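Below is one structure, written out as structure tokens; the observations come after it.
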């Protein structure tokens, strides 16, 4: 009996969820000084990195040709789906933590730790790799003199390590960590400055491309490409066409355009850093959704414009994969423009570096404040900055940039990001179908009047909710549910979302590794494909039939459950495409994370060790007021359910920094 009780207690620890209250939402130990413009600049700077100067040429030459503009459109639509899910959670739970926090309040502690631990890896590798890229780009402008010096005197001949230690990258990371520790307001100004320069350079590229471009480069004939291949003595492709495709706007067909879209999807990664600023924004419920959606729109316009200008200036088959824009300007005899491009590239790398470094200490801070990581990381400076987490993040990233060859580790960034996207989309589905009780809004809320009609309707239906929650599960409640969500319908949706993720995983594996069997029309593959598709559609339609919570927040994802479900499909499919070596490295990282969680985090979690407010104030500026000594497990669950459904709206609030 005792072992069973211990196992049950252990299982409850893994699925316990974070309690978020109105009191904890309005208070913050961090400096509330960021505006909507700051968030847009942060999102654009983080997302619109140096990839815009390189990725367009690489994808256009190898996959899409001139139809790269369509590839970016498809990738942008897929990214917007994830962005909208982040935007809703940013409006519901405007606290520091991003996907880690959203997972914690919805599906439990273990998944939250997995999400946060992977985000830490993604941001560390991102910061280190961008720092080395900045160092390498600057070295190129100096004719590689810095690299030659370190190769001569500090060469490292060890497997897995870099060719030489990058002292310049270390200085860059530590300088940025110092800037972030000094204050978020100053960091925001630096980011806006470099982002503005980057945007101006990209506008110059677009205008120059459209002026010097030629529409004929989008209409190259297949015969012309065959002649070029023959003159270069290059063998034709398997289908008899040129190795450069069939010409025209889609030389590699629509499959090539889709392949390019899968690569272009990663160009929109980075907007999630906006979601980590919930406690540093003056009006988070409005600023975070606007910042995410606007930054993605600006980035799409930039990628679309640059790729169009590039393929108009120069035939796609002549594009240089490493430096497409400088080579294209030389092709149209505007050689001096390459210096403008180099300046823009350095500015883009600077904003991308800040965009990778900015959210990392905030994830560490949020996890440490909740007790899942070492609590010294939750210390806040007098300038209201998470100084301990920032300096720790800077040191770790600097060591990575100093010693390691990060090319083999970059794919691991994708796992953390795609997993976070998938979980946030799943959490939106689960949260929107939870039953909710109505609580009085804070009397200082200026937006309260806009929500009163919904609130009154919910109050009138409170007795009906109580009656419905007593019903048991049956097929009738499955296909003909009540008008209001109940605990049974919420549990059903939670199960169906998990089952849908499992089905999508199976479908992705089948279409990735069994595509040849499907092409040969083998019976087993077609049967599995049909089964997965039918079950996915049935699950989504069943979720759609369930009643949603009618309470409103400042932003809500449209087209539920179809949009989040499609976002989960895209993210899981891209995760399946990653190599086995990447998953092995990921397993090692997760083993280290589980060691920390089960040795430290599970015992020090605030949700498992409730304290009163004064204790939390002393414990490294922890401002969570939800946990009180007298709450029982049932009270915590009821409190969690009702708080998640509240339309959290705070007034614009600033603090002295």
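Every residue gets a Cβ built from N, Cα and C, even glycine.
In terms of which side of the membrane each occupies, Swiss-Prot places residue 33 apart from residue 511. If you look at the transmembrane segment (38-59) against the transmembrane segment (582-602), you find fewer than three C-beta pairs under 8 angstroms, all six or more positions apart, and that falls short of contact.
Listed as Cβ neighbours of the transmembrane segment (193-213) (distance under 8 Å, sequence separation of 6 or more from its ends, same chain) are residues 41, 44-45, 48, 52, 298, 302, 305-306, 308-310, 312-313, 325, 328-329, 332, 334, 337, 340-341, 343-344, 347-348, 350-351, 354. Proximity of distant same-chain residues to the transmembrane segment (64-84), defined by a Cβ-Cβ separation under 8 Å and at least 6 residues beyond the stretch ends, is recorded for 56, 217-218, 245, 248-252, 256-265, 267-269, 271, 292-293, 296, 299-300, 303-304, 307-308, 311, 316, 421, 424-425, 557-558, 563-564, 566-567, 570-571. Taking each of the glycosylation sites 157, 227 in turn and counting other Cβ atoms within 10 Å of its Cβ gives the largest count for 227. Between the transmembrane segment (249-269) and the transmembrane segment (290-309) there are at least 3 Cβ pairs closer than 8 Å, counting only pairs 6 or more residues apart in sequence, which means the two stretches are in contact.
With respect to their backbone Cα atoms, residue 157 (N-linked glycosylation site) and residue 227 (N-linked glycosylation site) stand 46 Å from each other. Long-range Cβ contacts of the transmembrane segment (164-184) within its own chain (Cβ-Cβ under 8 Å, at least 6 residues beyond either end) map to 30-31, 33-34, 127-128, 131-132, 134-135, 138-139, 146-147, 150-151, 154-156, 190, 280, 353-354, 357-358, 361, 381, 383-385, 387, 390-391, 393-395, 397-398, 401-403, 657.
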